[in-house]
C-alpha cells in the first residue's frame, strides 16, 4: 500500500446524529480520493439502551465495560449488527462503498481475555493484514465493529479505541479518534493542542483526564508510541483534512517526537 491509510474511530453517540454521520462520510469521501480509509466503531449508548430494555445491568471499571459472557449475544448484535449496518447505510447514502466487518473477520485481529473481573472483554493484537488490504484495494470503505474473538472461539467485547488502535497498527496507518468532543480539555475546559506521556501523566494525577477519556488517551498514546507518529483526538464534526493539518483537535505525540520537539506547545 503506497499511501499511508487513515483509520478513523467514531463513538457510538454518532449513531444518534444523522446529520453528523452525513458530514463525516462526505469528509471521508473527499479524503478517500487520495488515501485509503478505514472506519472503526463502538456503540456504547446503543448497548446501554439495549441492556436497559432487557433488564440487564451494565457496569464499567475504569471506563471499560464489564461484559458477562451471557451478555455477548446482545452486545454482538448491537455492535456488529445494528450499529455497523446503520453506519454502512449512512456511508452508502453518501456515495461510498462500505463493507461491514468485525475485528475477527479475515483473521485481522486476535484477542485474549483481559481479566476475569471484566468478563468477556478482549485485549486485541494484530494478526494478518492481507484480508483488510485486499478489501481496501477494491476502493471500498471497511467499517469495522469492535467485536473480536479469542483463538479458542470465545466472542469478546473490545474497547473501540483499542480496536481502532490495533487496526492502525495492522496497516501502519494514521489514527483519528473522533467523538462528540473537540479534543482533550484542560481543567479550564480549554482545548489542549498536544500531549505526550509526561503531560498525560500530569493531567491524570490532577484528575483532569479520567474515566473514558483516560482510556482513550492511553490507547492513543500506546498507538502513537507503536507507530512513531502522532494520533489525533478530535470531533467528528471537524473536517478530516483540518485534523490532519493540526488546526483542530489534540495530538497525542510519541516520546521520540516529543523529545525532538523539546518543550514546544502543550507537550
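Placed from the backbone N, Cα and C atoms, the Cβ positions cover glycine too.
Taken from Swiss-Prot as is:
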BINDING   43, 44, 65, 157  substrate binding site
SITE      9  site 'Transition state stabilizer'
SITE      216  site 'Transition state stabilizer'
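Shown on the structure are the features that Swiss-Prot records.
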{"residue": "9", "record": "site 'Transition state stabilizer'", "Cβ contacts under 8 Å, 6 or more apart": "39, 40, 41, 42, 160, 161, 163, 164, 175, 176, 177, 178"}
{"residue": "43", "record": "substrate binding site", "Cβ contacts under 8 Å, 6 or more apart": "12, 15, 78, 79, 82, 83, 145, 160"}
{"residue": "44", "record": "substrate binding site", "Cβ contacts under 8 Å, 6 or more apart": "11, 12, 13, 65, 160"}
{"residue": "157", "record": "substrate binding site", "Cβ contacts under 8 Å, 6 or more apart": "65, 67, 72, 75, 79, 120, 121, 122, 146, 147, 148"}
{"residue": "216", "record": "site 'Transition state stabilizer'", "Cβ contacts under 8 Å, 6 or more apart": "161, 177, 179, 233"}
Please report the three-state DSSP label of residue 44 (substrate binding site). helix
At a 10 Å cut-off from the C-beta of residue 65 (substrate binding site), count the other C-beta atoms across all protein chains. 20
Assuming the binding residues for substrate are exactly those in the record, 43, 44, 65, 157, what is the maximum CA-CA distance in angstrom, rounded? 12
List the other residues in this chain whose Cβ sits within 8 Å of the Cβ centroid of the substrate site residues 43, 44, 65, 157, in sequence order. 12, 42, 47, 48, 67, 75, 78, 79, 146, 159, 160
Residue 216 (site 'Transition state stabilizer') falls, by DSSP collapsed to helix, strand or coil, into helix
